[in-house]
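So that you can see what the record holds, here are the features copied from TrEMBL:
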- B:His179: active site (ACT_SITE)
- B:His240: active site, proton acceptor (ACT_SITE)
- B:Lys236, B:Asn660, B:Gly696: ATP binding site (BINDING)
- B:Glu238: Mg(2+) 1 binding site (BINDING)
- B:Arg261, B:Gln396, B:Glu466, B:Ser467, B:Gln468, B:Ser699: substrate binding site (BINDING)
- B:Asp262, B:Asp424: Mg(2+) 2 binding site (BINDING)
- B:140-183: domain 'Phosphoribosylformylglycinamidine synthase linker' (DOMAIN)
- B:220-344: domain 'PurM-like N-terminal' (DOMAIN)
- B:356-509: domain 'PurM-like C-terminal' (DOMAIN)
- B:601-700: domain 'PurM-like N-terminal' (DOMAIN)
- B:754-868: domain 'PurM-like C-terminal' (DOMAIN)
Amino acid sequence: MAEANEGGFWMKKPNVCILQSDGTNCDVELHYVFKKFGGNPQFVRVNELRDNPKILKDFHILALPGGFSYGDDVASGKIWAVELVSFLREEIENFRKKGGLIIGICNGFQVLIRTGLLPFGNLGKMDATLVPNDSGHFECRWVDLKSERSKCAFLKSNYDVGHFAVNHGEGKLFCNTETLEKIEAQNLVVFRYVDENGSPTQKYPQNPNGSLNAIAGITDPSGRILGLMPHPEKFVDITQYPNWRRDPPTGRQGKIIKPHGAFIFEEMINYVKENLW
Amino acid sequence: MIQTIRVRTNKNPTARVYRLEGITEKQAKILAEKLFRENVNQTYTINKPIFPNAIEIAYKMGVMNPEVASIIKAARDLKVNLIACDSSREYLNKAPIFNPLTEHIVKKEPTTLLIKEKAGKTAVIPIREMGDKELLSLSKDKLFLNLDEMKTIQKYFQKIRRDPTDLELETLAQTWSEHCAHKTFKAKLIIDGKSKAPLIERIKKEALKHKKNVVSAFVDNAGVMDFYDGWAINGKAETHNAPSAIEPYGGAMTGSGGVFRDVVATGQGAKCVVSTDIFCLAPPGMDKNKLPSGTLPPDYILKRVVSAVRDYGNRVGIPTNNGSFHFHEDFRAKPIVLVGSYGILPKTKAKKGKPKVGDVGVVIGGRIGRDGIHGATFSSGEMSERTMKVNATAVQIGNAIEEKRVFDAILEARDQDLIRAVQDLGAGGFSSAIGEMGEKTGVAVHLEKAPLKYQGLSPWEIWVSESQERMLIILPPKNLKKFLEICKKYNVEATEIVEFDGSRKLQVYFNKKQVGDLEMTFLHGGLPQRVMRATYVKVTSPSRLHLNIPKTKKRWINHLEKILSHGNINSKEPILRMYDHNVQGTNALHPFTGVGMDGPNDAAVIRPLLDKPYGLVVAHGLNPVFTMMDPYWGSIWAGAEAISNYVAVGGDYKNASLINNYIWPFPDEEWLGKLDRCVDAVCNFMKALKIPVISGKDSLSATYRGSNGFVLHSPPTLCISAFGRIPDVRKTVSSDLKNIGSTIVLVGQEAHLRGEAKTLPGSHLGGVPRVDLKMLPRVLEKMHKAIISGKVLACHDVSEGGLIITIFEMCVGGNCGVEIKVDGKRLLSETAGCFIVEVENEKMAKRLFKGIPYKILGKTIKDEKLIVEDLFTADVNKLQKAWQKPMKEVFG
């Protein structure tokens, strides 16, 4: 266990598994972020986990980064989801029971959806899907997100609107009406795309993919799994935001005073420190 | 037996088709339900149609389908073992446009997906007995060597008293190809009767005078310069024109893949951190009747090259942060696809180790197929209508994920100190890479070990295949085991096939039989140096300037709208929004910034080490029309444009390095004379700025010849890329105007009014604006100091379209306007090396720019209008529509 001297007393750092597959490409920045906010991140290649599944229990947080796992062949995140469900089902179930946190960003979210872990924690059964953007192509742009009061166990602050990068071709959350109602009724929606007035929107490009109910990120009923299409890890330093020169990140009413992606990682780390030791 | 699964979404009327060989229908059902079909929104059939009368488009047999490997893997994870598989797409009613070189309409269901051919044999070519005519016919379409070179080969084999194998001839043709050997750049020149040193010598000589930051130049796959804290940065730009002309998607993809590998295969391995894409194409919508036979429509090429960058760069995870488009009808036969790529590596690992006797060579990555055979020799030849038919194997589709895992494995092996040297398997395949790495020691190669995509390849085909996503890793034998373990962890196939044996020969075996035995001294030293004659054609500057200055307010606005909608100038935002520029989280200056994030910036700034403020700045400049009009001043303009873009964002030109790329018509006497002037310009540019060129490439085959005598030269083009370091990305600036009431200043020495928007159809030709090379470094120095002082609010360099266009783009980013006083001629001036700058007030402008030419133009205003006193008032939003419309129309 890594330790560091912070605030004048010895504190443990939560272990974060940054899981990689062939085609994972947002792993380095995710590693950087967890380290920056007091975690102890480690890169783990999926083959290492398959060879030695037990190592998962040494971690407090499992993070699935963005990228194009196995080329997003067949469907985005599909091949990796099949791999995880086929070989690591038991270890993932145990990890959840123990109270570990899981975050999937972009391709990581696509994997969580296709394993069935999101929205309802049904490992091995898909209830919703992420389909190609309504625009028909990859979108690289910055959008505004509003974070809602939700079931998410570790995001406690009531943040308002923040700027986030989106970089994906298949990000439209899609499911049948019944499922959508269930997701809403259980307060599983954590983030929505919003317009210039801060209201959830179906308008392109503020809603970059046409996602139902403007959903950008969701949690599961346990509140310990978070998946989202936008990239909070790409806005933890001021200079990462395109308009940092003209519009430093102060947010509406000055509520958000840090780079807008930071709180997610800080609160994950805090949650582990408060709940899992 | 093939099981065919068809999956359709309930929304769009297309279906995916998966053909799976070697499994039962029951197994197919498992795969359908667990892998291919998603029950939330899709339906499927097995061995039954899903649409009536569907049209299916599939890759042709033997063309790489990148999805296949993933499907086989996922099936195996589900405990189903496939012998072979394929995927394709079905359409209802109408098929989209496809390229018959790589794809076909499936008319009959295939009975097997396996390519079963007997391995070809090695042939001996009786070259010793051949006459000139036979030698030339042997060379044509295959070896692409000239008669002198063929005769040199003939003499060698006469001397050693045997005939060569096909593999040996191919090896010589690859190694001696223009693409690999740069015969023109190394040639002795005789220009108008006077001899002149070879082009490459002149470039190197000047470059090496400015080597304070240089770690390595001209010796590795990319040039390397110093960064900070023990790190170095490297850069390379390369064209992939010939394959892109006949298959733009595959061509541009493998172009990206190749240049990324060049950067990674520098020293003992680098990490690729940013890329640039520069395209010179015929304008979309040009008259189809003007297209020579054997060429593709410009709209198709434009869309496909953009898709290729998107699908390859985004997947490998390298941000595409900078690029440009240049349209001219003369690019309709041979377009330019120029990809740049930049990396970071520890300085201690920035130089390749020399292979030692006893070292081994391991090939890692993709398997070998017939794709890409003769790429190096083919790209060295001129293009004709026969090109598409004869050289189709030179085209392939890239597999980005293969490349990504190869890179991941290399970086881990590098960090564990296992690697002696990394070499890219690009043009010429094994033949070039192994031949080059084994030059000093000699090698024994065991070709039968090489992993193949399918059976049936002859040894020479394996040897010269340019199948993508492969690297050669050279390491001491004691590191082999550890290295192979790393490859396994990353799902990278690795095969030891080379032994560095001290023989000083290139010895190639196939199943214990020797199929090649060449002395390294002949292979690398036998190519006769060319002596080439050239002649200067006087550049005719117009005696009188025909400046097309609009006379009325209305004409001004029409003129502006016309310029703004021109392909070179209009907004490329729809394209940039499909390229990932956020990946790696390093971006510190996005391609577009401003209130609506729609104002374009001049260069890329990234922070390659996330926990450090250090910046890597990347910019480029070129103007094919200017180099066509005047190869010397057009080339100076390209250099000035590159370095001005670089400085405009906060780059420090004294800590920059340059990359030069020459894309030139086939060098007959006249074109070689022009190329010589271009190289003179590059040397003088280095001299004036005291910074070096550290990498580059030439592509001297931008000529098309039709059977009816029709000849088309693409505009000769020099692209200068600039890259370098700054200590703090927070001291950089964007182009969007920041405040209302601030002062707008023109900084820099304008050339005499030669330039205007000449590239526009119908406007009069002026001369190329001559950049003052004495003044330029002084301006750049002041500009840089001004930016790092933090007092520059916005800055944008003056370029094509003239300074009014520069100011317009700044207003777009700032959602504001300007009120300025400038005379009409000056508004259209295109002098590179000039900047439009926003500062707080006139006093500040004086403080910052005293001592260099500058002029106060006016002020920023809240109203979104361009008000030019005495000339016109134009609505920024209206102009913006004209500027954004063309690419929105193409890309939606």
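Glycine is no exception: its Cβ is also placed from the backbone N, Cα and C atoms.
Computed from a predicted structure; not experimentally measured.
Annotation note: B:His179 (active site) sits in a helical segment as assigned by DSSP.
Across the domain 'PurM-like C-terminal' (B:754-868), DSSP helix (H, G, I), strand (E, B) and coil residues number 38 helix, 25 strand, 52 coil. Cα of B:Gly696 (ATP binding site) to Cα of B:Glu238 (Mg(2+) 1 binding site): a span of 7 Å.
Against the domain 'PurM-like N-terminal' (B:601-700), stretch B:220-344 has more CB pairs under 8 A than any other of B:220-344, B:356-509, B:754-868. The most densely surrounded of the recorded positions B:His179, B:Lys236, judged by C-beta neighbours within 10 angstroms, is B:Lys236. All protein chains considered, the CB of B:Ser467 (substrate binding site) has 25 other CB atoms within 10 Å.
Using a 10 angstroms CA-CA radius around B:Asp262 (Mg(2+) 2 binding site), the binding-site residues that qualify from B:Lys236, B:Glu238, B:Gln396, B:Ser467 are B:Lys236, B:Glu238. For B:His179 (active site), the nearest of the binding-site residues B:Arg261, B:Asp424, B:Glu466, B:Ser699 in terms of C-alpha separation is B:Ser699. Other than B:Lys236, B:Asn660, B:Gly696, the residues of this chain whose Cβ falls within 8 Å of the Cβ centroid of the ATP site are, in sequence order, B:Gly223, B:Gly235, B:Ala237, B:Glu238, B:Leu658, B:Ile659, B:Asn661, B:Val693, B:Ile694, B:Ser695, B:Lys697, B:Ser721. If you take the CA of B:Ser699 (substrate binding site) and look 10 A around it, the recorded positions you hit from B:Lys236, B:Glu238, B:His240, B:Asp424, B:Asn660 are B:Glu238, B:His240.
The domain 'PurM-like N-terminal' (B:601-700): residue composition by secondary structure is 48 helix, 25 strand, 27 coil, according to DSSP.
Distances between the Cα of B:Ser467 (substrate binding site) and those of the binding-site residues B:Lys236, B:Glu238, B:Asn660 are shortest for B:Glu238.
Assigned with DSSP, the residues of the domain 'PurM-like N-terminal' (B:220-344) fall into helix, strand and coil as follows: 48 helix, 41 strand, 36 coil. Summary: among the binding-site residues (B:Gln396, B:Gln468, B:Asn660, B:Ser699), the fewest other C-beta atoms within 10 A of the C-beta are counted at B:Ser699. Within 10 Å of the C-beta atom of B:Arg261 (substrate binding site) sit 28 other C-beta atoms, taking all shown protein chains into account.
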